[in-house]
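Trainee: Attaching a single structure in structure tokens format; questions to follow.
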């Protein structure tokens, strides 16, 4: 049995001048045990102007949150620059390369996925999801964005709710943060 602690779903959207990020609360040990149902995987950074959410190993994600916040401070809140610098450090550092997590970071102007392979990806349609239920949340979010007048916050919540109904590694203890 794989005893790493992981699995989650994070969804982010920008719409009509608003930005929202949602994450579920489940932490799973391996593939059989729910360790925690109320984890907070979406955080406000840089005086509340940036949202960050993680999927993957909890301990690794805390390391990345800390490093990303340091980069935000270093580059005066420039999200893109901080994300690129984090990705370069993550990919280039032997110890950091071992970290098993992905991040979504966003402000009111941008959404980015940052990975340990050095990638920084900006979605074409102002919404993105990562984690075990990411594809389910992304599908729901795209449909809701195209065919409803829901707010960014409501789409984020509903997308996570759909993912929680399909993915066993995602629960419906959903936290939504909005900018």
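A Cβ is built for glycine as well, from the same backbone N, Cα and C atoms used for every other residue.
What you see is a predicted model, and the numbers here were worked out from it, not measured in a lab.
Checked Swiss-Prot, it gives:
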- 8: active site (ACT_SITE)
- 164, 167, 170: Na(+) binding site (BINDING)
Trainee: What does the structure give for the C-alpha distance between residue 8 (active site) and residue 164 (Na(+) binding site)? Integer Å is fine.
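Mentor: Between the alpha carbons of residue 8 (active site) and residue 164 (Na(+) binding site) there are 10 Å.
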Trainee: Around the C-beta of residue 164 (Na(+) binding site), how many further C-beta atoms are within 10 angstroms, looking at every protein chain?
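Mentor: Around residue 164 (Na(+) binding site), other Cβ atoms within 10 Å: 22.
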Trainee: Can you name every residue in this chain, apart from 164, 167, 170, with its Cβ inside 8 Å of the center of the Cβ atoms of the recorded Na(+) site?
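Mentor: Apart from 164, 167, 170, the close residues are 9, 24, 26, 132, 133, 136, 137, 160, 163, 165, 166, 168, 169, 171, 172.
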Trainee: Using Cβ atoms only, which residues of the same chain lie under 8 Å from residue 170 (Na(+) binding site) while being at least 6 residues apart in sequence?
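Mentor: For residue 170 (Na(+) binding site), the qualifying residues are 7, 8, 9, 24, 26, 131, 132, 133, 136, 160, 163, 164.
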Trainee: With DSSP assignments reduced to helix, strand and coil, which class does residue 164 (Na(+) binding site) get?
Mentor: helix
Trainee: Could you check the recorded positions 8, 167 and say which one's CB has the most other CB atoms within 10 Å?
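Mentor: Result for the most crowded candidate: 8.
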